[in-house]
């Protein structure tokens, strides 16, 4: 079938990146309507991956990809089973709706094209993450989601709060990513495989290894930071500084679920141990409670929803770690339900903000008649979030209670945690869906009316999908839930829950939850005040801790900088050259292998002697030059002499390059020297002069001796013979030097040109910084005129 | 430095050198030359123009920001490496096609694309530095 062709899947996976490239151009041409075209990219992904659903529903695992660097076992390969397919469908499906929503929400924004680009990059990174089969690819995409979310959260970069939130998210999730990398390396070391598809059958090797705990903790560090588990939850609500479409996407389908994805993915391998079944539920449960309590306190619609995302992620982690098959089914159902209702509710919050001008729930009311479509979408999503029929959230919540309910104390604790968490989420869901819409009409900053189709299409669609998925639950389970649960559990699972309530403990617990929720809802203002008082009494939290951590690091780096970078160029130069001299002399002294005295060639040709003479004249000119420009140009003479030597001895390529490098070096040095404020005459004391002289003599003689000893070694022709023999056959080129650069060692060259570019950027910014301070860097062209020290 | 003679000759010299740099770039696979050296020649051509006529005309003449040229070159180099994925061979493997244009067989390759990328990176980075340094009077 066509869906299995690796080329097609690869192109489909690259589609968001390609769309990101053309997005700014398209937006310039079409304005916000470019959203319709750009949404085609995620739509194409959605349709392409639907093609896999038949195989995946049969519990097959589809793999494919390309080998990239076989020598390092690096490949671009994907693994598509129930878990990754569900994630792909959520990301691309919700992604398409979010693209449309962004078009409506940021209509007329001057940087809309850039925003579309960032969104598509983010989507591409997330898709790559969930389909990755190889560790390295997983890690690369993992960090790419951190970087792209940094760009998105800080999109409104003129605001201090945005920049701080973006930096915070990057530090926390990027740092977690490094822990993940270490964890993956440990796993690689234990098992010797780099493919997830192979790893999934090696679970026992890993669990019995003495390094299991280390690998587990490192992987959890990555997953917990990404999925905002307590106490690393603080970056997520701060990320609300991003425009609402970002929040909707971030929370429903993408980055914050990446950690949950990873835990689910590795459950068959790392799970089923005491550590796993203790750490995950404890942290998840704590996060659930902390998240909901903090959510109650908020009055901003987005922040209320953000904190419930924290708690939902906690619930997911708790269920993933709980260890029973029911718990895994519950996690799967809840994940899907959460994506649908949270995406919808965020878009509703943005809609209200966009149309009414405020997101503060205490300043909103009576919007029901003004915004009927929004109201319907919000109600549906809230019912799903509250876990009531006939929406998908109901199935998820029932399954949660099925999974947790038992009479042993461990289960009882988590049942209680789930009741409190679910009850409070019920409160928040309805606070978002009822408070702005019911009650007397409140005067809002903007005159509220229904938003354009681009804005309400997304939330309405998601709500309808949540309804249909629940009503057609056997079909949903067959296509989505069961394959995904099987992938997470590592053994075939069948999810059976339907909308018809079963008389029993789960139903009773649901009723308790609803009663608890309604009670809190009625007393919401008092609850908010109470939590506020507690928080003020504590007066400290991870968010402040983060600031202190960052300022501590900054202070540490300033202290270190003061020691290693005193800001005196002559100190740097002396240290550098002394180290070079030591490095040159030490090996020769240690092994006692001094070069023998070179003999003067008896058959020296005239032109060789001429080159030698030129070099000597140049040297003399450098030493006796009165001003710097002359010295620099004379120094160039040495380089030209060497280039001539290369040419005489049959290396035209090298000599060519040497000529150019030497010319440019002279030009750039001359330009630099004329910029510096330097005194005309030499102010060094005799002592300084002696030190400088000995250092330069040591370096000069060191290089001389070193080169002599290199040339006195017997020549090993292995490489040159290899390249001479193969450059024509393999690389179709006769210029061996160039063939090595662009073909045999192309990847090296790629790294080198990256270095060239980064160096260029660094030099450029150094020049800019210097001219940024005070007035122009140099007032006078004349290098020999003494300037007042700044 | 800005004598009348230098100023009059510099544009011609620069265009000749740029032309030569492209020649050197394209023949690099079989004769002495290639992207790196071609890029250096082009950068010195631009530096000459800058020294003779000032920085602003150079910036106008190259239209793009030199760092942008450099970045585009890096992208090109990377793309040339990634192309190999479509052929199912490891990263950076050279791919060759020989289209027949007006009866002449032309050898095109991903290696050439890569070399052009190197050229652009070098031109961009070096001339960016040189221009920024020359701009001292007006920043």
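Positions of Cβ are set from backbone N, Cα and C atoms, glycine also.
In TrEMBL, the transmembrane segment annotation falls on A:631-650 of the listed ranges A:531-550, A:551-570, A:631-650. With a cut-off of 8 Å between Cβ atoms, the residues of this chain six or more beyond the transmembrane segment (A:6-27) that come close are 34, 37-38, 41-42, 44-45, 48-49, 64-66, 76, 78, 112-114, 116-118, 120-121, 123-124, 127-128, 131.
Counting Cβ pairs closer than 8 Å and at least 6 residues apart in sequence, the transmembrane segment (A:412-434) and the transmembrane segment (A:278-296) reach three or more and so form a contact.
Count of Cβ pairs under 8 Å against the transmembrane segment (A:303-322): among A:74-100, A:278-296, A:495-522, A:571-592, the largest is for A:278-296. Through the fold, the transmembrane segment (A:571-592) approaches residues 565, 691-692, 695-696, 698-699, 702-703, 705-706, 709 of its own chain, all at least 6 residues removed from its boundaries and within a Cβ separation under 8 Å.
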